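Presented below is the structure to which this report refers.
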Amino acid sequence: MTHHETSAVDASSASMHVRSTIDVPPDLVVGLLGSADENLRALERMLSADLHVRGNTVAFSGEPADVALAERAISELVAIVASGHPLTPEVVRHGVAMLVGTGNESPAEVLTLDILLRRGKTVRPKTLNQKRYVDAIDANTIVFGIGPAGTGKTYLAMAKAVNALQTKQVTRIILTRPAVEAGERLGFLPGTLSEKIDPYLRPLYDALYDMMDPELIPKLMSSGVIEVASLAYMRGRTLNDAFIVLDEAQNTTAEQMKMFLTRLGFGSKVVVTGDVTQIDLPGGARSGLRAAVDILEHIDDIYVAELASVDVVRHRLVSEIVDAYAEYEEHDLGMNRAARRASGARNRR
């Protein structure tokens with residue numbers, strides 16, 4: 001790939017404009033631009049510099065900083081295509097967002113890290129924070145993954161668990177959740193205990209079937225290699241040589257969280273995931289996830305990975321919905337505080 005030096009267009013104006021060009025290897029142009037130029041359009045929407053493509057040459061013009069960002073974006077996207085990974089508008093958006101956010105990391109390195117491959121489908125991190133989260137799982141025995149819905153915290157943890165089993169780093173996978181959800185308590189639901197708990201574990205089953213051969217899963221579950229169970233079934237056990245994922249951990253009590261973490265045995269790894277803004281515990285009880293992070297985050301070999309709305313990898317509207325609700329709840333909290341202060345002032349008169 002050839003880069004031609006930038007040249008000043010209007011050096012006398014208050015805001016200098018520059019131009020530059022990059023020659024893309026001819027065999028990579030189609031992959032870079034995408035079907036019907038969909039990748040180019042996604043790139044143009046995210047960049048302030050003007051982009052023009054002629055043959056295998058990409059020309060840029062605009063403010064120096066904008067052109068520099070566009071040049072680096074093209075270079076990183078070309079590297080992704082050259083590595084053999086498919087480039088999509090979603091990958092373009094995540095790559096440019098990464099450059100805008102920090103500029104210190106290579107999107108090509110982050111977005112081409114394969115965690116798990118199955119039947120042509122690849123699981124890989126799509127944001128810088130997801131990459132840091134995955135790296136933390138590799139480097140630590142216990143990792144807390146905290147973030148809103150759609151940030152991939154559970155899916156990536158399960159992908160790492162399946163990979164660890166396939167590469168014989170562990171001999172079994174244990175997936176667990178507390179059986180508490182908004183608006184429902186198990187005692188009021190019909191059916192046996194197993195029938196009551198199963199719907200709460202369904203998201204874990206869904207992810208598992210997405211990552212492994214469906215016909216293999218029942219055999220692995222019947223032999224105990226894979227276990228999907230309510231958190232209550234963890235009590236009194238020591239879990240050796242296992243990859244253990246606790247999902248929806250914000251709905252554990254402090255006692256449950258302590259019980260769970262002390263199940264850790266030799267050769268095991270634990271990933272705890274949750275969203276501290278979605279606590280469904282009755283009576284305003286303090287979340288065991290919050291307590292655990294406060295108590296344990298300074299301990300070596302325990303890592304707290306925080307993901308945010310910028311890491312949401314579902315439909316683009318999901319991140320906007322997450323931000324809108326956070327803003328509304330912050331405003332609502334401020335209004336309630338103001339009302340309490342006003343009420344207190346009246347009572348003191």
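Every residue number used here counts from 1 along the chain in the order it is shown.
Backbone N, Cα and C atoms are what each Cβ position is placed from, and that goes for glycine too.
Straight from Swiss-Prot, the features:
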BINDING   GLY147, PRO148, ALA149, GLY150, THR151, GLY152, LYS153, THR154  ATP binding site
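Listed in chain order, the extra residues whose Cβ falls within 8 Å of the Cβ center of the ATP site residues GLY147, PRO148, ALA149, GLY150, THR151, GLY152, LYS153, THR154 are GLY145, THR273, ASP275, LEU307, ASP311, VAL312. Per-site Cβ counts within 10 Å over the binding-site residues THR151, THR154 peak at THR151. The number of other Cβ atoms within 10 Å of the Cβ belonging to GLY147 (ATP binding site), over all protein chains shown, comes to 26.
For PRO148 (ATP binding site), the same-chain residues 6+ apart in sequence whose C-beta sits under 8 angstroms from its C-beta are ASP275, THR277, GLN278, LEU307, ALA308, SER309, VAL312, VAL322. Here the binding-site residues are GLY150, LYS153; the one with the fewest Cβ atoms within 10 Å of its Cβ is GLY150.
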